[in-house]
Amino acid sequence: MLSYRHSFHAGNYADVLKHIVQIAILDHLNKKAKPYCVVDTHAGAGAYRLTEEHAQKTLEYVDGIGRFWHKDTIAEIEKYPLLARYIQKIQSFNPTESLTQYPGSPWFSIQAIQEHNIRADQVFLHEIHPTDSGLLSEFVGRNPQVHLQFKDCFKHALGLLPPKQKRGLVMIDPPYEIKQDYQNVIDFVLKAHKKFATGTYAIWYPVVQRYRIEKMQKALVASGIKNIQNFEIGIAPDSDAIGMTAAGMIVINPPWTLMDELQGLMPYLTEKLAGEERAHYKAEQWVGE
Ligand code: SAM
């Protein structure tokens, strides 16, 4: 039985980077008036109350989204359109000016297809944890464009590819609670890409033991898949002894604007989220087009 609950971590620095990248991809898909599909392999609960016990126990959100919830950051944020868009979305998700709630990846996708307003858009959400499956189901409610899959994504999601829309995002965000997830992600992406080579893939990873990410990088680079980018924020130097020291996103077939946007944003994001001294960031092209 898996014990990971995202409610302990919602809104942390890793979520900030992940959801900024997700928004950039969804905005890009929304630019064309053609239907698309989002396959979210690890959906979580959909939304998180930051006032509740889990978030209050770790207070991870305070050093994530919380760092942008100060009046003195407003002018700074405006300099970075993608960051401003992300912050506006989180503001719109909160009923008052206080930061009390944080949305999950399903909300960003559902919002995007609402903005796009094309009936053939679809969102598929996988979630395996019984409690979070229930919360996700409550959160989504009845929406004919959103399909809940309470199944192991690594067994089920390949069957959804290629989507009938022939364009879209596959969002892969495992907890890596079981170490097998690192290999599962590689195996899944290689198979998925064979079926849907033109899709955009966004893969989240934590740096707990750097060699595991290097192994993922090697496998992806050696696979022959083209157009792979990597974005990472580190809050401490690599160490095998202190848990997650950095977190990143691997993006296959990114929007053509993503690298420029993030190269502009990453220094500021990293300084805010990690502080200057121990921080690092990456915005790299692993494989060209
Ligand atoms: N993507 C979410 C977001 O950004 O808000 C957070 C997801 S959380 C990091 C990972 C979720 O994946 C957990 O809720 C966990 O129960 C679920 N999960 C773990 N293994 C899974 C699997 N094989 N198939 C489907 N869901 C899985």
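If you go along the chain as it appears here, the first residue is 1 and each next one adds 1.
Each Cβ is built from the backbone N, Cα and C atoms, and glycine gets one as well.
Annotated S-adenosyl-L-methionine-binding residues in TrEMBL are His19, His42, Glu127, Asp173, and among Ser92, Ser98, Ser105 the one listed with them is Ser105. Sequence-distant contacts of Asp173 (S-adenosyl-L-methionine binding site), defined as residues of its own chain at least six apart whose C-beta falls under 8 angstroms from its C-beta, comprise Lys18, Asp40, Thr41, His42, Gly44, Ser105, Ile203, Trp204. In this structure the alpha carbons, written CA, of Glu127 (S-adenosyl-L-methionine binding site) and Tyr4 (site 'Interaction with substrate rRNA') are 12 Å apart. His19 (S-adenosyl-L-methionine binding site) falls within a helical segment according to DSSP. Rounded to the nearest whole angstrom, the C-alpha distance between His19 (S-adenosyl-L-methionine binding site) and Tyr4 (site 'Interaction with substrate rRNA') is 19.
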